[in-house]
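Novice: Pulled these features from TrEMBL for this protein:
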TRANSMEM  6-26  transmembrane segment
TRANSMEM  38-62  transmembrane segment
TRANSMEM  68-87  transmembrane segment
TRANSMEM  138-156  transmembrane segment
TRANSMEM  162-185  transmembrane segment
Amino acid sequence: MLASLIPILVALLLGAMAPGPSFVLVTRTAVTQSRRNGLAAAAGMGVGGTFFGTLALLGLTALLTQVAWLNMTLRLAGGLYLLYLALRMWRGAGTPLGKAAGTPLAMNAGAATDGRAPSLGRAFVVALATQLSNPKTAIAYAGIFAALLPSSSVSGGPPSHLLLFLPPVIFLIEAGWYSVVALAFSAEAPRRAYLKAKGGIDRVTGTIMGVLGLRLMADAVRDMALAR
């Protein structure tokens, strides 16, 4: 069984490491908030990835490929959410960290100016929503499993033990990778570099997030047009 799982695990890890909105969000959370918040964001990414992976294992991603309007609606909503995050980044670019402490993506490593610590729950929820913003992730999982997952000789689908084994593995891979990212970018050197060029970095990351949101929406509209 282990030999057949190695290609799946490698594919899942490479997918998690691919740069995108999730990477942008975790790095920025780790730099501008705290290591704990970065790790909370990593956990949110893990839960979102596990949700999509479980949908793929259960075959529910067929809804996204067969019901075109549902696919497009979810992707448009995800794109709008990424644009919202991009706007928040741009609006906070010219604001010092202390004064921007009330925004979800602009808290420093310690406490906000009013003495409140940055919310771990909020970091988790923002990360989870970002991970769930692109339903194509579920389709990507389905492609990996369809190509690499062994089939049961009895049911023809994935073996039952893999249905139980893979979801927690997906969580460990997703949350593990983004935990490494959070630990790296919450170190002192990245923080100092960010403080020196906060405005420019915020505008660049906001632009990247906005472009990714627009691309997600454009792809949804294009795929819908091709399906007609």
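Cβ atoms are placed via backbone N, Cα and C, with glycine included.
What TrEMBL says about a protein is an automatic prediction, not a curated fact.
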Novice: Could you pull out which residues elsewhere in the chain have a CB under 8 Å from any CB of the transmembrane segment (68-87), counting only those six or more residues past its ends?
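Specialist: Sequence-remote neighbours of the transmembrane segment (68-87) are 21, 25, 105, 126, 129-130, 132-136, 206-207, 209-210, 212-217, 219-221, 223-224, 227.
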Novice: Checking distant contacts: for the transmembrane segment (162-185), what same-chain residues at least six beyond its ends satisfy Cβ-Cβ under 8 A?
Specialist: 8-9, 12-13, 16-17, 22-23, 26-27, 29-31, 35, 38-39, 41-43, 45-50, 53-54, 57-58, 131, 141, 149-150
Novice: Take the transmembrane segment (6-26) and find every residue of the same chain, 6 or more past its ends, with a Cβ under 8 Å from one of its Cβ atoms.
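Specialist: Result: 38, 41-42, 45, 49, 53, 82, 85, 105, 126-127, 130-131, 133-134, 140-141, 144-145, 148-149, 166, 169-170, 173-174, 177-178, 181-182, 185, 205, 208-209, 212-213.
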